[in-house]
């Protein structure tokens, strides 16, 4: 007798039961065991490595920016935006570092991805990298919570598989950072080999590191990676690719969202009171069936018994 064809969905019934239990546990901010994280990352890799560099997303969708390990504020985001999978979510990267709950935050988002893969899109941010996480907190948090670096390794290996960008209904282009002088078209992005550590330079690096700027043309980025790009660049890119908007994250904005380049670009930031001290609001963008947008702003969740903030790491863009 011929063997049954492999299921298109890598989740079997037993794993669905496990993942549902993990999600329930993580909603209580209780980390998974090291072995559970290993299984989680193996299953997520099967899904994420098949996704293209420009992931097609249908509206309605709610688009979110950086969350940076601020787990209780992610709960606030879900309270405002709706629970998964009722709401279709697109996150534009930077799940880890800076906040105190990177492990729980990224574990939950990856669980939701494998459980509801067509209702959750996870893009790669510049912090989804081995080098950056060793400086800004995720590596140290993994050592503290697990006693070794295995969980950090499982996740940073998985980060190599995250798609770089998304395209909502062919019109709204979503990514973490910004544009690149090496990239004129979405087809250029589709042709990149993304399954690797974030390079120090080049088009993949630029997509995760660049920022819009008031000055025209391309400029040297003060971050030491990526570029700054002016309104002329955004307008040309949008026109050439039939886009109405570039939605990106990567920069703290005090209202949670900020228009630039004559509404060719919007920045969305979803970590309120960033680093537990910046005093900013957070936001997400709801795109309805007709791609009409509304911004949902939210404040930080009440904090109970969180560790005292110490400033140990350099602030490369505060």
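Glycine residues also receive a Cβ, built from the backbone N, Cα and C atoms like all the rest.
The feature active site, proton donor is assigned by Swiss-Prot to 127. Residue 127 (active site, proton donor) falls outside any helix or strand according to DSSP and counts as coil. Residue 127 (active site, proton donor) has a Cβ environment of 27 other Cβ atoms inside 10 Å.
Classification of residue 66 (Mn(2+) 1 binding site) by DSSP places it within a strand. Around residue 66 (Mn(2+) 1 binding site), the same-chain residues at least 6 positions away in sequence with a Cβ under 8 Å from its Cβ are 92, 93, 94, 125, 249, 250, 269, 270, 271, 274. Taken from Swiss-Prot, the feature Mn(2+) 1 binding site covers 66, 68, 94, and the record attributes it to similarity to another entry.
Using a 10 Å radius centred on the Cβ of residue 94 (Mn(2+) 1 binding site) and all shown protein chains, the other Cβ atoms total 28. The Mn(2+) 2 binding site annotation in Swiss-Prot covers 94, 126, 176, 250 and rests on similarity to another entry.
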Rounded to a whole angstrom, what is the C-alpha distance between residue 127 (active site, proton donor) and residue 68 (Mn(2+) 1 binding site)?
9
Within the same chain, and leaving aside 94, 126, 176, 250, name every residue whose CB is within 8 angstroms of the centroid of the CB atoms belonging to the recorded Mn(2+) 2 site, in sequence order.
66, 92, 93, 125, 127, 177, 208, 209, 249
Take the mean position of the Cβ atoms of 66, 68, 94, the recorded Mn(2+) 1 site. Which other residues of that chain put their Cβ within 8 Å of it?
65, 67, 69, 93, 95, 96, 97, 98, 125, 127, 249, 269, 270, 271
Within 10 Å of the Cβ of residue 176 (Mn(2+) 2 binding site), how many other Cβ atoms are there?
26
